[in-house]
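Colleague: The structure's right below; bear with me while I get my questions together.
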Amino acid sequence: MLIRNAPDLKDCDVTDQGLYLARRQFIAGAAGLGLAACGGASPASAAPLKYSPNRMSIDENKTPLDDVTGYNNFYEFGTGKEDPAAYAKMMRSRPWTITVDGLCDRPGSVDIDELIRRFPLEERIYRMRCVEAWSMVIPWVGFPLASLIKSVGPKSSAKYVAFETLRDPRQMPGQRSAVIQWPYREGLRLDEAMNPLTLLAVGLYGQTLPNQNGAPIRLVVPWKYGFKGIKSIVRIRLTDRRPQTSWQMLAPGEYGFYGNVNPAVDHPRWSQAKERRIGEFFRRKTLPFNGYGEQVAHLYRGLDPRKLY
Amino acid sequence: MARANAARLESPAVWALCAAPLLLIFYWGFTSQLTANPVEFVLRDLGLWGLRFLCLTLAVTLLAKYANLPWLMRYRRRIGLWAFAYVALHLTVYLGAAHEFDWAEIGADIAKRPYITIGMAAFALLIPLAVTSAAAVRRRMKPRSWRALHRLVYVIAIMGVAHYFLLVKADIRSPLLYAAIVATLLGARLVASARPRKARAAG
C-alpha cells in the first residue's frame with residue numbers, strides 16, 4: 001500500500017530487473033540466466049516510458065518479462081505460442097497512426113507518440129486470464145481508454161466501441177493464411193470502454209510495448225479473456241451497433257461478445273473453473289470477472305450470468 | 001565385415017531414434033526450453049509423437065511389403081510399442097499434470113468433450129494391441145485373429161486424428177496434414193490388399 005501511494009516509485013524500484021529476468025533459474029542454472037539476460041528479454045526498440053503508479057494495481061507476483069514476451073497468442077505472426085516472439089520483429093511499430101472516428105464530435109487520426117504525450121501514463125499491474133486456461137500478472141503502462149473517448153466527444157447515439165488491428169501481410173506473415181478473417185476485430189460496450197479499469201497499453205515493465213505484445217498500442221480489459229485485448233490497434237470507432245468480433249465470427253458457439261472471465265461457464269472443450277498461472281505448477285481457481293467483480297459486476301446486472309462468457 | 005557391423009548397429013540405432021523425442025523433452029526441460037507453459041507443451045508434444053509413431057507403424061508394413069524393405073518388419077513391433085508408450089505418457093501428463101488427478105473433473109471431461117472421449121477410447125483400444133504384441137501371447141493366438149485384432153491400428157490412427165482435429169482452436173492445418181497421411185496410408189493398404197495374390201505371385 002505504501003509503495004503504491006508513493007508517486008515517485010517505479011516498477012524497477014520494487015522489483016530488481018535482474019530478479020525478474022532470472023526465470024526458472026532453479027532448473028536452468030547459469031545457462032538460463034544468460035539466455036534471459038541477452039535473449040528476447042528486451043527488444044532493440046524498447047524505450048523507457050515515464051509513468052506514475054496507480055492504485056488499481058494488484059499485489060501479486062508479476063510474471064517474468066521473458067514469459068510475458070515469449071509466450072503469446074498473436075495469430076498475425078503465427079498460431080504457435082512462440083511465433084510472435086520469433087516473427088513480430090517484421091512489423092514496424094513506428095511511425096504509427098491511429099484513427100478514431102464514428103459517432104463522435106472530433107474524429108481524426110493521430111500519431112502514436114503524439115497520443116502518448118497527450119495522456120499521462122500510469123502503471124497498472126493486472127491479471128491476464130487467457131481463454132485457454134492459463135494466466136499471467138503483467139505490469140502494463142498506459143492510459144484509460146475513457147480519456148481518449150472523452151477527448152473525441154462521443155455522441156449520445158454511440159453505444160459501442162469497435163477496434164481493428166493493422167492488416168498488412170507483408171509485416172504480419174500470419175495474415176497470409178486465412179486462419180481468422182483479417183483484420184482482427186474486437187469490441188466493447190461503451191460503458192465497458194469507459195470503465196476506469198479499461199486501459200490502452202503502450203508499454204509493459206516500464207518500457208514501450210514489444211511488438212509481440214501488441215506494439216505500439218493495445219487494449220487491456222482485465223476482467224475479460226485475453227482475446228478481447230486486441231493488439232496493434234489502427235482504428236477505434238464509436239458505433240451504435242454491436243461490432244463483430246473475430247473469435248465470435250470464427251466460432252460463435254465457443255466465444256461470446258462479452259468474453260467475461262467466468263469460471264461457471266465452460267468453454268465447450270475445456271473447463272474454465274481453474275487456470276494455470278504461468279510459472280506455477282498447480283492450478284488456481286479462476287475468479288469471476290478475473291477477480292475484478294467489485295469494479296465491474298454492476299455493468300452486467302440483469303443479464304443472464306450464464307451468457308456472460 | 002562392414003555389413004555385419006552395420007547390422008549390429010541397426011537395432012540400437014532404431015531404438016535411439018524411437019527414444020529421441022522423449023530424450024529431447026528431458027533435454028529441453030533441463031535447459032528451460034519447454035516454453036512458459038511446460039505442462040501444455042509436453043502434453044502436446046507427447047500426443048503428437050504418439051500420432052506420428054502410429055503413422056510410422058502403418059508405413060512400416062506398407063514399405064516392407066511394397067517398397068522391398070523387408071528388414072523393416074523386424075522393427076514394426078518396437079515402433080508400435082513406442083507409439084503406445086508416447087500415447088500412455090501423453091495420457092499420464094493429461095491425468096497428472098494437466099488435471100492433478102482430479103477424477104471428478106477428468107470424468108466430466110471424458111463425458112462432456114468428444115475429443116477427450118475419443119482419445120480415451122483410442123488409448124483403451126491400444127492396450128490389447130500392446131499386450132498381444134508380446135511374442136509369447138502372439139504364439140498362442142491364431143495368426144488370423146492376431147492379424148484381425150491388429151488391423152484395429154487403422155481405426156486407432158483415425159481416432160487419433162479426430163482427437164487432434166477437434167481440439168485445435170482455429171488453425172486446422174496440422175490436423176489436416178495428419179488426416180491426409182493416415183488417409184494415404186489406409187488407401188495404399190486397401191489398394192494393395194485388393195490385389196494380394198498377384199503381388200505375391202510377382203514377388
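Placement of Cβ uses the backbone N, Cα and C atoms for every residue, glycine included.
TrEMBL labels come from automatic prediction, so no person has curated them.
Quick paste from TrEMBL:
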- B:12-29: transmembrane segment (TRANSMEM)
- B:46-161: domain 'Ferric oxidoreductase' (DOMAIN)
- B:49-67: transmembrane segment (TRANSMEM)
- B:79-97: transmembrane segment (TRANSMEM)
- B:117-137: transmembrane segment (TRANSMEM)
- B:149-166: transmembrane segment (TRANSMEM)
- B:172-192: transmembrane segment (TRANSMEM)
Colleague: At a threshold of under 8 Å on Cβ distances, which of B:12-29, B:49-67, B:149-166 pairs most often with the transmembrane segment (B:79-97)?
Modeller: B:49-67
Colleague: Do any residues of this chain, six or more beyond the ends of the transmembrane segment (B:12-29), have a C-beta under 8 angstroms from a C-beta of it, and if so which?
Modeller: 38, 42, 45-46, 49, 53, 75, 78-79, 82, 85-86, 89
Colleague: Using DSSP, what's the helix, strand and coil tally for the domain 'Ferric oxidoreductase' (B:46-161)?
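Modeller: Per-class counts: 102 helix, 0 strand, 14 coil.
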